[in-house]
Amino acid sequence: MLPRFRSFYGKLIIFILVALCFILYSKVQQNGSPEEPPVAPLVRAAALRGHGRERFEAYSDSENEIARPATQSPYEQIIQLDLQKQKVGLGEQGVAVHLSGAAKERGDEIYKKIALNEELSEQLTYNRSVGDHRNPLCAKQRFDSDSLPTASVVIIFFNEPYSVLLRTVHSTLSTCNEKALKEIILVDDGSDNVELGAKLDYYVRTRIPSGKVTILRLKNRLGLIRARLAGARIATGDVLIFLDAHCEGNIGWCEPLLQRIKESRTSVLVPIIDVIDANDFQYSTNGYKSFQVGGFQWNGHFDWINLPEREKQRQRRECKQEREICPAYSPTMAGGLFAIDRRYFWEVGSYDEQMDGWGGENLEMSFRIWQCGGTIETIPCSRVGHIFRDFHPYKFPNDRDTHGINTARMALVWMDEYINIFFLNRPDLKFHADIGDVTHRVMLRKKLRCKSFEWYLKNIYPEKFVPTKDVQGWGKVHAVNSNICLDDLLQNNEKPYNAGLYPCGKVLQKSQLFSFTNTNVLRNELSCATVQHSESPPYRVVMVPCMENDEFNEQWRYEHQHIIHSNTGMCLDHQGLKSLDDAQVAPCDPHSESQRWTIEH
């Protein structure tokens, strides 16, 4: 055959192949919309969740069945289908997205199982923008990228939705300074989700800049704490930045953290943590003018608190920048997102390696950092969005209360005599067999010459209410002629609720732990007693969040076994009431037995 004919037929074949590819692509894309994307056909991982990592099968739609080419990786085809499902522009700037039709049904069904709309997540691009929610003053900051310490970002995952994990990775790559971001270390804590195996390896190998992402796979599930230690051991950056596997960063969130550690290597830093809705993926904030810092509750749980006025005054005195963007001291940290000098992390004791699973490690590190000479600071110009779920979709090994057991270990080492208040709130942990030996952590405290928990409360968190100090009485508020006690009925203390009545427990329980303060406030740990404004009975006792200044909390008096509300002059009364009824006040009657109460201590 003459050369010109060979050339002609060659071009014709290429033209036909291109035309076929275009027709196939058009069929896949037709009828697509942000509300109801086309179902990706053809090659799929078998179930793609909960099966062996290497099992694949052919998938066919009503019209086509396409065999897997022998020369092409099956993961490439699957990843291409994943990318086809994504809708460019969907959810950009962090706006909410609402699915409809079959996609909504799929999303709702998945949400019931894992508390996250994975159907929607798969339609959002991995590198979507979430907007710039920083204080405008932050944009004026300048950092010398050549002199910033380098960062190793450590992300632990266990059966994290594939698309959510990759969005965390891509967000980190696109929002952190390229020179400063040395590496991202993904630690697989024993996942059995097929997508997180060889498919993830292939994606990282083919679509992430070489050397930027390392995947460390643990043979057995170790839990968050030990998995983080495994990641930290192989990190090579100057700074460790720990992130949860479901985060998206704001513009320039890394640099302020690295700059502050450059200035103060014993400062442990947390960004402002914004909320990404687990259902519609909306990125929301409380604005840039105010933010909260970390506190704790006496039952060992982390708590958010408003920035104390005392801290605002310290910022004005000590900070050279505008106060709104100054580092703010935080008594504790949530623990999911923070930055720490890598060498200091090991010097100050890293994590308690005998803690299992998850929970308690954040307060342990918080108290340890403060008591041993460091600081915990919130950096206002660093903002990261985090998906908060309604429930935890994964069980912990052996269904143990790892949070409670870990917190008890923490309390034994760091809380000194205040451990008694912890056990008042968690009596079930006082003699728990699984707490284990804490000798090596006590030795660490001695080695580091750390301060007392009394010092911590006095100097770092003086706003924290101590139920047994500066009080006229504390414990159960017990009716004299009945086995009935004042009780919070386990209600949500983040908003006002009606106090109630309940049979007195043999052992003091958290729900019946009240204090009558020296400033005449009747309260529990977080809420103060008031009386509902009403034109007629019943006059209910309402618990409202306490004000930092006791002058603004309503006053009560305790006289001759009567608990009297100062504003109304009425007395706490259980006449005609039974268990689970709302607590009430009534006009005082010195002869009424139902108005007589004792305070336990």
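Cβ atoms are placed via backbone N, Cα and C, with glycine included.
The topological domain 'Cytoplasmic' annotation in Swiss-Prot covers 1-7, and the record cites sequence analysis as its basis.
The disulfide bond annotation in Swiss-Prot covers CYS138-CYS381 (among others) and rests on sequence analysis. In three-state terms derived from DSSP, CYS138 (disulfide bond) belongs to a helical segment.
Positions annotated as region 'Catalytic subdomain A' by Swiss-Prot: 148-260. Helix first, then strand, then coil: DSSP counts for the region 'Catalytic subdomain A' (148-260) stand at 45 helix, 28 strand, 40 coil.
Taking a C-beta cut-off of under 8 Å and a sequence gap of six or more, HIS246 (Mn(2+) binding site) has these contacts in its own chain: LEU116, GLU160, VAL164, LEU165, THR168, ILE276, HIS386, ILE387. The Mn(2+) binding site annotation in Swiss-Prot covers ASP244, HIS246, HIS386, and the record cites similarity to another entry as its basis.
Swiss-Prot lists 327-389 with the feature region 'Catalytic subdomain B'. Here the region 'Catalytic subdomain B' (327-389) is broken down by DSSP into helix, strand and coil counts: 17 helix, 21 strand, 25 coil.
The disulfide bond annotation in Swiss-Prot covers CYS372-CYS450 (among others), and the record cites sequence analysis as its basis. Residue density at CYS372 (disulfide bond): 19 other Cβ atoms are found within 10 A of its Cβ, drawing on all protein chains shown.
Annotation note: CYS504 (disulfide bond) sits in a coil segment as assigned by DSSP. Look at Swiss-Prot and you will find CYS485-CYS504 (among others) tagged as disulfide bond, backed by sequence analysis.
Swiss-Prot lists CYS528-CYS546 (among others) with the feature disulfide bond. Long-range Cβ proximity for CYS528 (disulfide bond), meaning a same-chain Cβ under 8 A and a gap of 6 or more residues, is found for VAL521, LEU522, MET543, VAL544, PRO545, CYS546, MET547, ASN553, GLU554.
If you look up Swiss-Prot, you'll see CYS571-CYS588 (among others) marked as disulfide bond, on the strength of sequence analysis. If you take the C-beta of CYS588 (disulfide bond) and look for same-chain residues 6 or more apart in sequence within under 8 angstroms, you find HIS562, ILE564, GLY569, MET570, CYS571, GLN595.
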Integer Å distance between the CA atoms belonging to ASP244 (Mn(2+) binding site) and CYS372 (disulfide bond): 26
For CYS485 (disulfide bond), nearby residues of its own chain (Cβ under 8 Å, 6 or more apart in sequence): LYS476, VAL477, HIS478, ALA479, LEU501, TYR502, PRO503, CYS504, GLY505, GLN512
Alpha-carbon distance [CYS450 (disulfide bond); ASP244 (Mn(2+) binding site)] in Å: 29
Inter-residue Cα distance where the pair is CYS450 (disulfide bond) and CYS138 (disulfide bond), in Å: 35
Count of other CB atoms lying within 10 Å of the CB belonging to HIS386 (Mn(2+) binding site): 18
Between CYS450 (disulfide bond) and CYS381 (disulfide bond), the C-alpha gap once rounded to whole angstrom: 31
